[in-house]
Number of protein chains: 2
Amino acid sequence: MLDKLQTQLEKQFGIKFNDSKLLVEAFTQGNYLNEHPNFKGHDYQRLEFLGDAVMQLQTAQYLYKNYPSWDEGQLTELRIAMVQTRSFASLAKQLSFNEYILLGHGEELNGARNRDSLLEDVWEAFIGALYLDQGAETVTNFLTQHMFNKIKTGFYDQFIDYKSKLQEFLQKNGAVQIKYQKLSQSELDEHNQQQFTVAVEVQGKVLSTGNGSSLKNAEKAAARAAYQQLTQK
Amino acid sequence: MLDKLQTQLEKQFGIKFNDSKLLVEAFTQGNYLNEHPNFKGHDYQRLEFLGDAVMQLQTAQYLYKNYPSWDEGQLTELRIAMVQTRSFASLAKQLSFNEYILLGHGEELNGARNRDSLLEDVWEAFIGALYLDQGAETVTNFLTQHMFNKIKTGFYDQFIDYKSKLQEFLQKNGAVQIKYQKLSQSELDEHNQQQFTVAVEVQGKVLSTGNGSSLKNAEKAAARAAYQQLTQK
């Protein structure tokens with residue numbers, strides 16, 4: 001079952017598990033064990049406990065070393081965006097981790113296989129297993145290739161709630177009126193896609209605009225542009 | 001200023017910093033910098049950001065390896081008790097970290113030097129500095145000697161809120177009446193100390209008793225005994 005994953009890990013990242021039982025454990029969900037009493041092994045929960053802390057330190061360390069001029073607030077903001085359910089689920093899916101999970105029947109029927117919370121658990125458990133089997137340096141190399149290199153592309157921006165951040169920033173000294181105003185909406189193209197443009201207005205003055213494939217995304221883009229402009233990051 | 005600390009670290013733990021600037025940074029509070037514009041250096045906040053994550057992983061890893069039969073819930077419970085403000089402040093004080101902090105004048109007047117929140121920050125910053133300067137293994141050795149060896153003595157039990165845990169456990173299936181009843185209170189001894197004994201009653205039946213130097217501590221001890229009895233740990 002996990003042969004395909006092992007091949008992929010070796011080919012893409014040069015990773016070869018010494019103890020493949022650890023890899024199996026990382027992908028074993030609790031109810032699968034209940035349903036397969038002859039299956040020897042544990043579920044992923046202890047590895048997830050360990051892997052969660054490995055992810056915190058690996059990410060903190062990367063940011064600490066690569067952003068020497070950032071203060072603690074900036075480091076924390078990016079770390080929170082990176083170390084969270086949706087981010088881990090997304091990283092796990094990119095490696096097709098969802099295909100390999102040994103899942104209980106009920107969970108399968110409930111669609112748990114592609115649920116962010118399960119993918120997050122398995123991601124953390126995998127990192128815990130990798131850390132135990134190969135040590136911290138291999139984890140750092142793996143994360144650098146698959147996770148940290150996405151920082152510069154803006155990948156983790158999607159996990160930052162810029163509308164809340166903008167509101168917080170603007171209302172530090174009391175309530176102000178923030179409005180998102182739709183400026184334009186394109187026709188559907190041949191792929192059924194649309195483009196929206198939104199302006200964010202503060203006390204009636206346009207602060208910034210943003211584009212997106214939905215009204216919500218355009219609002220987020222506008223909020224992000226305004227926030228970054230105001231905080232000059 | 002930090003000479004005494006360096007001597008202590010070397011004598012007690014065999015630790016000698018290569019870059020003593022890191023050690024100074026870990027003990028420098030922000031307002032001290034504002035008040036000493038000629039002081040070259042940073043405050044402890046970036047090191048605290050890193051050290052926080054180091055503490056999480058070091059503790060998780062120790063528990064994972066030393067309690068192989070514990071499930072994730074048990075591991076998490078003890079980790080939370082160990083990795084928290086009061087615990088870190090207590091560990092910092094035992095090494096007289098409070099004496100070494102380069103503190104702003106206003107904070108000094110406000111009594112910040114012995115405040116748990118500052119001691120926690122400095123503890124984490126120190127661990128971050130130690131990790132950068134000496135690597136993970138030295139941190140593990142230091143924490144094993146000064147922090148992890150206190151697990152068996154029950155040191156971290158004081159940071160577990162057993163009254164809440166007992167209540168949560170007993171009220172899983174609906175409200176029950178939990179009462180703490182004072183059974184006895186000794187006279188003050190020559191050191192001005194007293195001993196209290198308290199019984200915890202559930203639906204009118206005594207579940208356990210506990211002793212303590214205050215009514216509050218006796219209640220906590222009774223709750224702890226009852227909780228451990230019920231969960232057979």
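Positions of Cβ are set from backbone N, Cα and C atoms, glycine also.
Taken from TrEMBL, the feature active site covers B:Asp52, B:Glu124. According to TrEMBL, the Mg(2+) binding site annotation covers B:Glu48, B:Asp121, B:Glu124. Per TrEMBL, the feature domain 'RNase III' maps to B:6-135. The domain 'DRBM' feature in TrEMBL is assigned to B:161-232.
One way to see the shell of the Mg(2+) site is to take the Cβ centroid of B:Glu48, B:Asp121, B:Glu124; the remaining same-chain residues with a Cβ within 8 Å of it are B:Tyr44, B:Gln45, B:Leu47, B:Phe49, B:Gly51, B:Asp52, B:Glu120, B:Val122, B:Trp123, B:Ala125, B:Gly128. Proximity of B:Glu48 (Mg(2+) binding site) to non-local residues of its own chain (separation of 6 or more, Cβ distance below 8 Å) is seen for B:Asp121, B:Val122, B:Glu124, B:Ala125, B:Gly128, given in sequence order.
According to DSSP, the domain 'RNase III' (B:6-135) comprises 95 helix, 2 strand, 33 coil. Along the domain 'RNase III' (B:6-135), the predicted structure has mean pLDDT 96.
Filtering the recorded positions B:Glu48, B:Asp121, B:Glu124 for a Cβ under 8 angstroms from any Cβ of chain A leaves B:Glu48, in order along the sequence. In sequence order, B:Glu124, B:Gly128 make up the list of same-chain residues 6 or more apart from B:Asp52 (active site) whose Cβ falls under 8 Å from its Cβ. In terms of DSSP helix, strand and coil, the domain 'DRBM' (B:161-232) has 26 helix, 23 strand, 23 coil.
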